[in-house]
Each structure stands twice: as C-alpha cells, then as structure tokens.
Amino acid sequence: VINHPKYQESKRIAIFLSMPDEVQTEEIIKDIFKQGKECFIPRYKPQSNHMDMLKLSSAEDISSLALTSWNILQPSDDDTAREEALAGGGLDLIFMPGLGFDKKGNRLGRGKGYYDTYLERCMKHPRGKPYTIALAFREQICESVPVTENDVPIDEILYEDC
C-alpha cells in the first residue's frame, strides 16, 4: 500500500479504522502521519446513511475516540473541532472496507450505503471524486457481487498477490 503510486502522490487520505475481520489499517495510518499527509477517518451517523470524514491530528489521536455500539472507534457527535474533508480541501484518496469485491470494481459493504452516499457528495466537491482503493483479503474476491444503481464502483482493489 505505502509504495502504491496513488498513495505516494496523495496528500489528503481517508481510511477506515479496521474491525477485527478487516485488513488492519493501523500501520498505514502511522505511515500517513510519518509522510506528513493529512488523515481522515469516518464518523457514521446511526439511523441514516450519512457519513463524514473527519481529520485525525495524529496516530495517537485514535486512543481518544469513542467506541460506538457497532464496536467502531470514531469521533463523538459533539466533537465539532475536527475538519470535515469536504468542508475543506476534499480528498485525494479513500481506502475502502468491504465484505466482498469483484474484479469489475463492485463492492459489497455492510448494507447501509455510507461510502456510496459519501462518494456521491465527493462528486459535488470542486476537487471531484477521489481515487478509491479497497483493501481486501484474497478470500473476499468473488466472481461477482450484487449491486444496485446507487453503488459506486471502486477504482482498484488491493489484496495479497493481486
């Protein structure tokens, strides 16, 4: 990941805080800060499909985040001091989680449409849609995954031996 040309040229990067069953992102987050890039993480709004990408100040900042009922660390709702990526300079790159992927760039998420809705908002930002890379295990690559008209294809899937 850290040698990927899109990662190397990106300055503003959004990345998920991994759950135990996902590709672990902690080392990537540390490298984002080591390289002097800006790091944004998701804050999901329950009972909706709204998500914001909020800026982390450091890799250690993760330890200050609240644990949601979904067992995900994220900035709390009353945390208004953090920059939201689309309110500022937009994003260059988004690392995407998922349950399954196909080689056409289709992604099976967890069913709420958070990332698809966020990417639609990105398309309205002056910088446009950021490059999207899914981080996957080889076992998550399928012949095809179900999609709807609201699903936004991802640009690239990275997995072991891809």
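Every residue gets a Cβ built from N, Cα and C, even glycine.
Listed features, source TrEMBL:
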- Leu17, Glu22: substrate binding site (BINDING)
- Arg107, Leu108, Gly109, Arg110, Gly111, Lys112, Gly113, Tyr114, Tyr115: ATP binding site (BINDING)
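Locations of recorded TrEMBL features on the structure.
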{"residue": "Leu17", "record": "substrate binding site", "Cβ contacts under 8 Å, 6 or more apart": "Thr25, Ile29, Ile41, Pro42, Ile62, Leu65, Ile72, Leu73, Gln74"}
{"residue": "Glu22", "record": "substrate binding site", "Cβ contacts under 8 Å, 6 or more apart": "Phe16, Pro97, Leu135"}
{"residue": "Arg107", "record": "ATP binding site", "Cβ contacts under 8 Å, 6 or more apart": "Met96, Gly98, Gly100, Phe101, Tyr115, Ala134, Val145, Asp151, Pro153, Ile154"}
{"residue": "Gly109", "record": "ATP binding site", "Cβ contacts under 8 Å, 6 or more apart": "Pro97, Gly98, Leu99, Tyr115, Asp116"}
{"residue": "Gly111", "record": "ATP binding site", "Cβ contacts under 8 Å, 6 or more apart": "none"}
{"residue": "Gly113", "record": "ATP binding site", "Cβ contacts under 8 Å, 6 or more apart": "Asn49, Asn150"}
Output field, ATP shell: CB within 8 Å of site CB centroid, site Arg107, Leu108, Gly109, Arg110, Gly111, Lys112, Gly113, Tyr114, Tyr115 dropped: Gly98, Asp116
